[in-house]
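*Asks:* So that we are looking at the same thing, I have put the structure below in structure tokens.
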Amino acid sequence: MADMKIPRATAKRLPIYYQYLNILADAGQKRISSSEFAAGVKVDPRTIRRDFSHFGTLGKRGYGYDVADLLAFFKKILKQDQVTKVALVGVGNLGHALLNFNFHRDNNIAIRAAFDIDPAVVGTTIDDIRVYPLTELQNQLQKQAIKVVILTVPEAAAQTVTDQLIAAGVEGIMNFTPTRINVPATVIVQNVNLTSELQTLIYFLNHRTLDQQGTNKE
Ligand code: ATP
């Protein structure tokens with residue numbers, strides 16, 4: 001399962017499916033038809049069938065999906081059955097907001113350490129997360145066995161910090177900087193550019209047709 005290759009677009013939809021299944025399970029729903037599921041996640045039923053086909057047979061024809069079974073399956077796939085430790089580098093406005101966002105309240109993602117070069121922020125604690133000087137990066141990441149990092153440094157520092165992350169053994173970077181960072185093939189980067197997401201939304205607003213209303217764009 002760990003080596004399974006699935007399309008990136010599919011991988012991006014898995015958390016949506018997982019979150020919706022959690023809502024269903026919390027509401028005590030035991031079973032859901034594929035069309036209800038599609039309506040709930042606002043994804044085309046054919047796309048869902050194609051996504052699910054990467055994992056074998058997940059539903060039964062004429063029955064739909066067993067909520068608990070499917071939830072358990074995605075929990076495992078998304079590693080939500082174990083805590084993933086994460087660090088954040090760059091405690092500016094965005095970094096600060098993400099530390100306060102507290103991923104761990106709803107998910108098994110825990111930000112365990114933050115790093116910065118600014119003496120004004122180094123040594124402080126934000127929502128129980130200690131801000132270390134950047135010089136402590138390698139030491140702390142290795143000591144705490146952290147392999148995933150959220151990068152919220154200024155654009156100019158993005159590559160230098162990335163190189164330090166790689167040297168410290170980081171395997172996954174959530175890159176909030178607008179820079180396309182260079183990493184070796186063993187490291188996975190997820191780029192999150194809030195400005196371009198907003199620009200895309202504005203583009204769709206200005207070019208929408210009636211049949212696009214109420215749809216989700218990936
Ligand atoms: P943003 O809203 O993007 O977070 P900001 O104005 O709050 O912007 P930036 O100048 O983008 O702050 O810097 C973000 C944080 O990154 C700051 O706290 C800054 O001290 C820190 N920073 C800058 N360079 C480095 C670096 N090389 N390593 C670690 N942190 C850095």
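All positions are counted from 1 along the displayed chain.
Here the Cβ of each residue, glycine as well, is placed from N, Cα and C on the backbone.
Because TrEMBL annotations are produced automatically, they should be read as predictions rather than curated entries.
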*Asks:* What range among 16-55, 176-215 does TrEMBL record as DNA-binding region?
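*Replies:* Going through 16-55, 176-215 one by one, TrEMBL gives DNA-binding region for 16-55.
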*Asks:* By a simple count of other Cβ atoms within 10 Å, which of Val91, Leu94, the binding-site residues in the record, is least packed?
*Replies:* Leu94
*Asks:* So which one is it: of the binding-site residues Gly90, Gly95, which has the fewest other Cβ atoms within 10 Å?
*Replies:* Gly95
*Asks:* What same-chain residues, at least 6 away in sequence, bring their CB to under 8 Å of the CB of Gly92 (NAD(+) binding site)?
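*Replies:* Residues satisfying the criterion: Thr152, Val153, Pro154.
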*Asks:* What three-state class does DSSP give Gly90 (NAD(+) binding site)?
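*Replies:* Note: Gly90 (NAD(+) binding site) is coil by DSSP, not helix or strand.
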